[in-house]
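Presented below is the structure to which this report refers.
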C-alpha cells in the first residue's frame, strides 16, 4: 500500500501530517492508510494550481475537452475497478456503485453541452462594432467532496471546472480517500498538465487549511449543511470569491389519492432507503392520510420494509441496502431514533444496528404524528423514515415546508390537479410527481433553497458557477463617429 497519496504539481507525495486510514464498513478491515497533508503541502498544492492557471486557461476549449474525454475513456476502461473501490469504502452494493461510475461518464457529455450552451460565445451586432459575451475561469478553485457519492459528486464539480479553464485543489471526504486517489490517477493517465488538478488528503484540519487559503478564487462544496454554513460564514466579506454549496435536506414526501398501493410503496422505499438513506435527497418525512387508504399504504410499507435485504456489497445475490459509511454513522442513527422516541414518537419498524462493529443497519419507520410540532429539524442521514398522518392536504404541505432546508419534495397522487396545487406551494429545488424524490436528471439543475445550498451544483447548471461572464464591445480599428455629441469639435 503506497504512502504517496497527495498529488501536487504532477507528482505523488507522502503526507507530512498525522496517520489516517480508510475502513471498509462492511468487511470491517483497513483498506487504505497514509499520512494527512500538512498545511505546507496545502500551500504547495494551491501554489501549483496558481502556476498552471495561465497556460491552462489559454488552452482552447477543444484542447481542454480532449483531456476530459480521455478521462472518460479511462473511466470506461476501469469502471469495474472503480465501482468496487466505491463499494469497499462506502458499503454500497455493486449494483449501485456501477451506476455511480456510469453517471461519472455521463457527466462529460452533459458538461460539454452545458459549456457551449450556457457559457459559450454569444455575438450581437451593434450599429458600430460588435458586442460579445464570453466567459473566463475564476482561476484556482477548491473542490470538497462528500462520502456518499465519492466519485460522482466531486466529478460534477471537477469536470465543468476544468472545461471552463480553472485549476483545482481537490479535498475528498476523509472517509473515502481511496476513491479519490484512484480517480486522480485516471486524470493523471489522461495527461493533464501538472498543477491543473491537485489532490490533498486529510481530516478537518486539512479542510480548514484549504478553505481558508487566501489564494483561492473559489470553493465548490458538496456535504453537510453544518460544514457548508461554516464555509459560508468564513467567506462572508469576500465578494470576489465564488462559493457554490450543495448541502443537506429534510425532505417531505406526501401521498394522497393513489390507486396502486404497491407502486406507491415502491416509490416510498426508493425515496427513503436507497443508499441506506444516505442521499441528501432522501425522503425523511412521509405524510399519509389519516384514513383507510393511508392505513393500507402504511401496513404494506411496514411489511415490505421488514423484508428489505441488507448485506455485503459483493454478495452474489445483491442486497437493496449495503452498509452505512461507518459504524459511527450507524450508531448515530440508533441514537437519532431513540431521541425521537423520547420525544413521544412511536416505533413502527425498529432501526437496528445489526453488527456494532460494522455499518450495517436495518431500515426503520417511526410515527411522529403526536410530536410533529416538537420534532427537531435535523437531517437524520440514514434509513429512518418519519411518518406523519394528516387530515388536511394544505396542512401536510405546511408541515413539509416547516424546515430550514429546501432540497427535494414529492407527491404521490393520481390527481394532476393535486400536484399543481402542491407544486405551487411546496418550497424545494427539486419537486417530483409520482417518482422517487431521490431521482434527478443530470441535465437538470440540482440543488435547493434555504440551508440546502446555493447555485445548482453537479449538473448541467454547474457551468454557471465555473466561469464568469465578460461583456465586450469591439471594433477592428479606432474610428471617429460620424455624429459627434454636442459640444465636441474635431
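Glycine residues also receive a Cβ, built from the backbone N, Cα and C atoms like all the rest.
As given in Swiss-Prot:
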ACT_SITE  246  active site
ACT_SITE  280  active site
BINDING   223, 224, 225, 226, 227, 228  NAD(+) binding site
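DSSP assigns residue 228 (NAD(+) binding site) to a helix in the three-state reduction. Residue 223 (NAD(+) binding site) sits 7 Å from residue 246 (active site), taking the C-alpha atoms as the reference points.
The 10 Å shell around the Cβ of residue 227 (NAD(+) binding site) contains 18 further Cβ atoms across the protein chains shown. Comparing the binding-site residues 224, 225 by how many other C-beta atoms lie within 10 angstroms of each C-beta, the top residue is 225. Using the Cβ center of 223, 224, 225, 226, 227, 228 for NAD(+), the list of other same-chain residues with Cβ within 8 Å runs, in sequence order, 221, 229, 230, 231, 247, 248. In this structure, the CA atom of residue 228 (NAD(+) binding site) is 8 Å away from the CA atom of residue 246 (active site).
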